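Here is the structure we will look at.
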């Protein structure tokens, strides 16, 4: 429910300067193409190379899939708007865009936690790794990530679009995000904001705690290894994952764990980083920092 009198919204976009929009279109189009090629390339590589048929790369393919869908929910519409005078999006389109963005973004949080747990078992309990992270367990962990993301997204969307949109219809952003959309709701949004904030805490902070505990345990185990070569190998295995975690969580914490009154024009810059740039960087981080992937790619 709610009295949705608005049939469409106007996205104010990244900038209203015509001389800047064309270069940005070229830049973001290139980034989006690299994102698709890089992430789909990793998915195909893991699929065709038998040596990569392990739990770690199974989780990586799902993370790459989420990256592709996550970026596709935002980038095509943003690219079209950069070349359009009137940047409109229908009410249904706005809901659909946010659903896709929130679902795959939340799924990425849980997939990163699953990948951290996988590394924890591999390094801290290697003799039981095959038993603990079996094929069935891999599917259960991935399925639970998608299920939690789906349920959370339904709650986010209900809170965002369940009010009455009877006033201004200009969204001061380049996509339908939580804070800019809630500012257009005519009814009181305090309870909706609290519910959304609570679920963001559960998903973002909860998964980051799992990651922190996993890597704390890994660090303690690695420091106790007698061989410097073993320590170096273990650190290299985890470095790429930690880089992705830092990039993703750093921007998400800034955007969604601050009071609504603190949001400003810097939000667009931060949003570009985690919706456009980070999905492009992830394949490079995994391929350039991982000898197995580089070796498989070379073959």
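Cβ from N, Cα, C; glycine included.
All TrEMBL annotations are machine predictions without curation.
The domain 'G-protein coupled receptors family 1 profile' annotation in TrEMBL covers 38-286. The transmembrane segment annotation in TrEMBL covers 24-49, 56-75, 95-117, 129-155, 194-222, 234-257, 269-288.
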### Query
Any chance the transmembrane segment (194-222) and the transmembrane segment (95-117) are in contact, meaning at least three CB pairs closer than 8 A with a sequence separation of 6+?
yes
#### Entry: Beyond the flanks of the transmembrane segment (269-288) by at least 6 residues, Cβ under 8 Å
14, 28, 31-32, 34-35, 38-39, 41-42, 60, 63-64, 67-68, 70-71, 74-75, 78, 101, 173-175, 177, 240, 243-244, 247-248, 251-252, 254-255, 294, 297
### Summary
Residues outside the transmembrane segment (24-49) whose C-beta sits under 8 Å from one of its C-beta atoms, at least 6 past its ends, are 14-15, 57-58, 60-61, 64-65, 67-68, 71, 75-76, 78-79, 82-83, 276-277, 279-280, 282-284, 286-287, 293, 296-297, 299
### Query
For the domain 'G-protein coupled receptors family 1 profile' (38-286), what's the model's average pLDDT?
87
